[in-house]
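Reading through the structure tokens given below for one structure.
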Amino acid sequence: MDTVCGIDEVGRGPLAGPVVAAAVVLTPGTSLPGLKDSKKLSPEERERLFPLILEAAAAVGVGWAWPHEVDRFNIHNATLKAMERAYEMLIQKLSPSLVPTEVVIDGRHAPPSITHARAVVKADSFVPEVMAASIVAKVFRDEWMKIYHRFLPEYTFSQHKGYPTRLHRERILTIGSCPIHRRTFLVRAARSP
């Protein structure tokens, strides 16, 4: 029986915070009603599914690429690094009998270090493990941004999660950037209306 690992990421577009990737292997025979791509779910639906995914998973790995890595390596390479880290964490937690025979990554690119991975555009629409990974990554990232908000409330991270909303851009113009802002993204944001 094939063991599928799904990998997806969130946080490529924000001006602040990490890129987060998750890798998920579901326990064979698992069914999770309501599972979809995280972008098609409300925050409440994601929060409801999150513990169910953790319970139904044989293993979950989460990987991060921090803002300074986005600035240093670019968003593409930082995303691949987050995926590698998520997969490495998953493998450490997984029973040897469930080592993935197939790794499906949502998107156009797979990290070269995951040799048997294949990138599939829109995999988060039809591969349950990738759908689960998208939800795990989104919930982890959103929670991380809420933590940042506690320390930096003036940036209103709990509202926009670091994405380039009008409110976020106004806060940057008013008070400047902070250490979790992606310097390379701020130049682009300054030019946006």
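Just so it is clear, glycine is given a Cβ too, placed from its N, Cα and C backbone atoms.
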_Record says D8, E9 bind divalent metal cation. Source is TrEMBL. Which of D106, D142 does it list for that same site?_
D106
*Note down the number of other Cβ atoms within 10 Å of the Cβ of D8 (divalent metal cation binding site), including every protein chain shown.*
30
*Cβ-based neighbourhood (8 Å from the centroid) of the divalent metal cation site, residues D8, E9, D106 excluded*: I7, V10, A21, A22, M83, I105, G107, A123, D124, V130, A133, S134, A137
*Near E9 (divalent metal cation binding site), which residues of its own chain have a C-beta under 8 A away, given they sit six or more steps off in sequence?*
V19, V20, A21, A22, T79, A82, M83, D106, G107, A137
